[in-house]
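What follows is a short report on a single structure.
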Amino acid sequence: MVSCWDTAVLPCALLGCLLLTGYCSGSKLKGPELSLKGTQHVMQAGQTLFLKCRGEAAHSWSLPTTVSQEDKKLSVTRSACGRNNRQFCSTLTLNMAQANHTGLYSCRYLPKSTSKEKKMESAIYIFVSDAGSPFIEMHSDIPKLVHMTEGRELIIPCRVTSPNITVTLKKFPFDALTPDGQRIAWDSRRGFIIANATYKEIGLLTCEATVNGHLYQTSYLTHRQTNTILDVQISPPSPVRFLRGQTLVLNCTVTTDLNTRVQMSWNYPGKATKRASIRQRIDQSNPHSNVFHSVLKINNVESRDKGLYTCRVKSGSSFRTFNTSVHVYEKGFISVKHRKQQVQETIAGKRSHRLSMKVKAFPSPEVVWLKDGVPATEKSARYSVHGYSLIIKDVTAEDAGDYTILLGIKQSKLFRNLTATLIVNVKPQIYEKSVSSLPSPPLYPLGSRQVLTCTVYGIPQPTIKWLWHPCHYNHSKERNDFCFGSEESFILDSSSNIGNRIEGITQRMMVIEGTNKTVSTLVVADSRTPGSYSCKAFNKIGTVERDIRFYVTDVPNGFHVSLEKIPTEGEDLKLSCVVSKFLYRDITWILLRTVNNRTMHHSISKQKMATTQDYSITLNLVIKNVSLEDSGTYACRARNIYTGEEILRKTEVLVRDLEAPLLLQNLSDHEVSISGSTTLDCQARGVPAPQITWFKNNHKIQQEPGIILGPGNSTLFIERVTEEDEGVYRCRATNQKGVVESSAYLTVQGTSDKSNLELITLTCTCVAATLFWLLLTLFIRKLKRSSSEVKTDYLSIIMDPDEVPLDEQCERLPYDASKWEFARERLKLGKSLGRGAFGKVVQASAFGIKKSPTCRTVAVKMLKEGATASEYKALMTELKILTHIGHHLNVVNLLGACTKQGGPLMVIVEYCKYGNLSNYLKSKRDFFCLNKDAALHMEPKKEKLEPDLEQDQKPRLDSVSSSESFTSSGFQEDKSVSDVEGGEDYSEISKQPLTMEDLISYSFQVARGMEFLSSRKCIHRDLAARNILLSENNVVKICDFGLARDIYKNPDYVRRGDTRLPLKWMAPESIFDKVYSTKSDVWSYGVLLWEIFSLGGSPYPGVQMDEDFCSRLKEGMRMRTPEYATPEIYQIMLDCWHKDPKERPRFAELVEKLGDLLQANVQQDGKDYIPLNAILTRNSGFTYSVPTFSEDFFKDGFTDPKFHSGSSDDVRYVNAFKFMSLERIKTFEELSPNATSMFEDYHLDTSSLLTSPLLKRFTWTETKPKASMKIDLRITSKSKEAGLSDLPGPSFCFSSCGHIRPVRQEDEDDPELGKESCCSPPPDYNSVVLYSSPPA
């Protein structure tokens, strides 16, 4: 209420300090004195107030708040006074005082010039009485706001201008607050004082005073003040990002109660330098709260402006802060990552699913979500974008797919995208369960074949199981023998014998209504046992089950009414009602209508008790001695157990009246020839039906041979009539009403001799016809057997059909899925490698096959698209054969198979890197040396291959195997199978020279493989070098032994009118007699040896494949020794080519012989392959050489040897065995000149066409030189082939360096030539060699 007015007294205070140094130094002072004594003074308005203050120190005046210091009516004068002018005096003059000048006036020492212990001020309250203004402040129109706090003192400041005025306090509208001196008190200086304010004082309060008959009022509005801060927020929300140079604006918003006031301030990194401008405002538009805003703004933000910004809010004792983080970037950026995994899963039916990414970007990019390449929000209204997330509402299976988020900041030209895959898992749903609406279960006829189907949809694909629940019977009266389900259940499979006999359980994928669904079918072979089948489908989301009540019935439609026969008056009426006991109960007979059409509807008391059988309940109705009145409509009534409905089955019963017998036609006399036949008819009617009896000559006729009685005895048939059959025949018809008869005489004509002749003729005819049909049947069977044998004999693999035909054997072979089945998900298919008769071979990567933890490259054989059932069966048969054969190192082995439903049939086999042996040997002709020593000194030389051969050198899979190519599959590549790309592997092995021990090793391994196949009773039938594959470590494997293919359907073997056969490799008995056996494979093995030791040469070079070739082969002609075969090897070939199959060696004997050639005294310890690296080296103590032979030896049938050694003394054998002396062998080189033409069959490696003599003769016209040897062919008296056979072959010998080079004929006299040992490559059977000089 007072204010200090001290500006004018400052000079006086300084002067006082100079004069009265003692007082200013802090000596004791008296308080100031006022000229008016007492605590108050009353004066009239318009008078002048003089108030003087005297003190010992400088002082100032404090005025009422209603008095302004700038008021012109107010003045203060100061002077020195007292004794020696040592005191300070000041006079306050107020001219023309008014009511608002009422208040407390005080004189107060200045703080610096007084002692704190003394009284510092003197005050007096001045009332300026004004009858027209009893209140100092008048608030009659607009109440003045008075803040209050509940529980504290409340002052209503209605101060008056005179202490004698009486004032009353009223609260709107009608309450009066009377002072009681305790809670409510009146003070003319302060107003009304309420000691402990409550919510009752809240409102409009009015002070009233009556002066001179006039009522004066002043109003106050109490306001309850609070300190409630409801909320503090900073926008934009944290973190706040800006680019350098932008304007930072932060808005701190405080929400409070209506009666709350706040103080707001900021703390931020640039506060010390006042980087920000701050402005505040209040929003009172909300009737329930106040909203205060404090806006901080920084222009051109810099890196130094980043940091923590804090908004501080204070209201009374309440204090709140809110922080936000500000980041300042030099340029924009976008970073997006998967929040979880790239593949997300959800469940169909979920209310919503959120697809979100971890996005860090500035400034905020534009966001677009795509589903399968289409904007998601356009695709469905269920999709909505929130921030960087896509919300999918009411998830369905159609929501599965690829979702891509597109982020773009155009001004920064920044764009990013990221794709996530959403898998919507669906709980299994059974289609039949949703569409089935039958009120009661169906019934299945006894003994019938039933097919139960369960169509299931779910993601992932559900597993379906069939269960059987046997019946548990309830023998209560209400539900007699009713079958109800039990908790006992049995899982079924195709071999289950629980309940009904199961024919099979199949499962397949079908597209139904555009959706892939799994259809499982249970086939019940014989319906006999009632119970319940359950189809249970489950996946990781859930399980669903469909119960199929399987009620067997022996009653048609489960309800049948039958009448035993139409009753006749006096007989018994028998009605039978049979119902299924699983569907009906409460069976009774009722009579619905009588014969006179009188409607009845009552039960029949004559019905018997119902009887229960295995499947039905029978209720019989028997009425004895029926009369015509018993006719009517009878009905059997039964109640359906499931629906409660009463079912009626009606039958009409008409009781017939008795009627005497009546013959429709009388018998008549007639004649019949002996040995003939005759028929007598006796048709009669009556009620009941008459019984007919036949008599001959009054003797009753019984049925016997030659005499046949027809139905109801109404017809008498006599066969082969004899003389004894002549006589009187009589028929009698009888029933309860009477008897009727008719008779006739039968006359027999002719004698018995004629009859015997006819009988003999008939017998002979029957015997002749029987013999004819027997011969015809045998002939047809022979034709069928021949056709079957031809078809069976040409299967690539033949399992000795000693007792059972091949097709039946293959059908009986088992397939062990637990051993061979491989998951398709762990198989990654690659490129196609080839196609066969009914299938194709593709390259694949298999993880974990044969329990390996690594990835292995394999070959997969599968059917072509659109394969037939027979082709599927053929491939399945091949798979069974491969599983039956088993594993061996020297065969291409089966690794696994994929046979389960839901995908194609796949057969997984090994692959071999280096292709077939034939092409490999051809490529090694320039790299061949006899032993390892020469090979170690051979200089590397790049092979020069023929263009067509180069193509063959690429690693490939022949028939069932393939080359490997690395395919990234996410697995570790199996180093034992594949170290590098196939081409690199071949380039490495191509640099290695080929030695004699390699050739023997190949021969030995093939023999071991064939020994294994023969032990498994398998016949290869097409053993050749092209069907031998080369794998790692010089291991060879036999292939093409497991393909169950019919060569008549193979384009490589079949031509209409001609028959393609691999004649060069076939044994004579196979060519002429179509007989295939292990011995015929031995013959083919001999041809294979010839291929190996000619380094891939074509068998029978220069020989035309025609009928003449076959004839000479049958006569004993054989191939000459190949270029690099020793006598021991050639002897083995001749043994394999023995004319008598029984004299040919077994494969076990061949293994032993070749093993002896490989290594002396080797203990094999069960190994399938003998390592050869340490054999035939210098350090082994053996020097492998081919012995020289005398000229006489070659005169005995051998051509010039290709092996010579420098000294015969150095020749030794490696575990050589003693051969029988070679007999004179005719070879195809001795053919007449007209029989052959030079090199015309060199290209026919795989098969030859056996045709008529008009077969074209193939010639090879390429003349590319292979070597520098040139010998002029000038012999005209011999054929080209004979000329070649008489030429001395190029020398082949050992050298220290191992080089191979041709020998020029003109250098034979060179003395230096003998010192340098050298060798020449074998002839290339794919090109013509020209000789420039005649033979010596």
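Every residue, even glycine, has its Cβ placed from backbone N, Cα and C.
Swiss-Prot lists Asp1022 with the feature active site, proton acceptor, giving sequence analysis as the kind of evidence. Summarising the annotation, Swiss-Prot assigns compositional bias 'Low complexity' to 959-969. Positions annotated as disulfide bond by Swiss-Prot: Cys53-Cys107, Cys158-Cys207, Cys252-Cys311, Cys454-Cys535, Cys577-Cys636, Cys682-Cys731. For 32-121, the entry in Swiss-Prot reads domain 'Ig-like C2-type 1'. Per Swiss-Prot, the feature domain 'Ig-like C2-type 2' maps to 151-214. Look at Swiss-Prot and you will find 230-327 tagged as domain 'Ig-like C2-type 3'. Taken from Swiss-Prot, the feature domain 'Ig-like C2-type 4' covers 335-421. The feature domain 'Ig-like C2-type 5' is assigned by Swiss-Prot to 429-549. The domain 'Ig-like C2-type 6' annotation in Swiss-Prot covers 556-655. Residues or ranges marked as domain 'Ig-like C2-type 7' in Swiss-Prot: 661-747. As annotated by Swiss-Prot, domain 'Protein kinase' applies to 827-1158. The region 'Disordered' annotation in Swiss-Prot covers 941-982, 1304-1326. Annotated signal peptide per Swiss-Prot: 1-22, in sequence order, evidence recorded as sequence analysis. According to Swiss-Prot, the feature topological domain 'Extracellular' maps to 23-758, an assignment based on sequence analysis. Taken from Swiss-Prot, the feature transmembrane segment applies to 759-780.
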Item to complete: Measuring CA to CA, name the entry from the disulfide-bonded residues Cys107, Cys682, Cys731 that ends up nearest Cys636 (disulfide bond).
Response: Cys682
Practice prompt. Can you figure out which of Cys454, Cys682, Cys731 (the disulfide-bonded residues) comes closest in space to Cys577 (disulfide bond), comparing Cα atoms?
Written response: Cys454
Practice prompt. Tell me, please, if the domain 'Ig-like C2-type 4' (335-421) and the domain 'Ig-like C2-type 3' (230-327) are in contact, taking contact as 3+ Cβ pairs under 8 Å between residues separated by 6 or more positions?
Written response: yes
Item to complete: Go through 151-214, 230-327, 556-655 and flag the stretch with the largest number of C-beta pairs under 8 Å relative to the domain 'Ig-like C2-type 7' (661-747).
Response: 556-655
Worksheet entry | Local Cβ density at Asp1022 (active site, proton acceptor) - other Cβ atoms counted within 10 Å | 24
Practice prompt. Could you put numbers on the helix, strand and coil content of the domain 'Ig-like C2-type 4' (335-421), residue by residue per DSSP?
Written response: 7 helix, 53 strand, 27 coil
Practice prompt. Using C-alpha positions only, work out which of the recorded positions Cys53, Cys158, Cys252, Cys731, Asp1022 is nearest to Cys535 (disulfide bond).
Written response: Asp1022
Discussion item. With every protein chain in view, what's the tally of Cβ atoms within 10 Å of the Cβ of Cys636 (disulfide bond), excluding that atom itself?
Written reply: 26
Worksheet entry | Helix, strand and coil totals (DSSP H, G, I; E, B; other) for the domain 'Ig-like C2-type 6' (556-655) | 6 helix, 58 strand, 36 coil
Worksheet entry | Cys158, Cys207, Cys252, Cys577, Cys731 as disulfide-bonded residues, winner by CB count within 10 A | Cys158
Worksheet, complete the sentence: Long-range CB partners for the transmembrane segment (759-780) (under 8 A, at least six residues beyond its ends), listed in sequence order, are 675
Worksheet item: Restricting the comparison to the recorded positions Cys107, Cys158, Cys207, Asp1022, which residue's C-alpha is spatially nearest the C-alpha of Cys454 (disulfide bond)?
Response: Asp1022
Worksheet, complete the sentence: Nearest to Cys682 (disulfide bond) by C-alpha distance, among the disulfide-bonded residues Cys53, Cys207, Cys252, Cys311, is Cys252
Worksheet item: Considering the disulfide-bonded residues Cys53, Cys311, Cys454, Cys535, Cys682, which residue's Cβ sits among the greatest number of other Cβ atoms within 10 Å?
Response: Cys682
Worksheet, complete the sentence: DSSP composition of the domain 'Ig-like C2-type 2' (151-214), residue counts helix/strand/coil, works out to 3 helix, 29 strand, 32 coil
Worksheet item: What does DSSP give as the helix, strand and coil breakdown of the domain 'Ig-like C2-type 7' (661-747)?
Response: 6 helix, 50 strand, 31 coil
Worksheet item: If you draw a 10 Å sphere around the Cβ of Cys107 (disulfide bond), how many other Cβ atoms fall inside it, taking every protein chain shown into account?
Response: 25
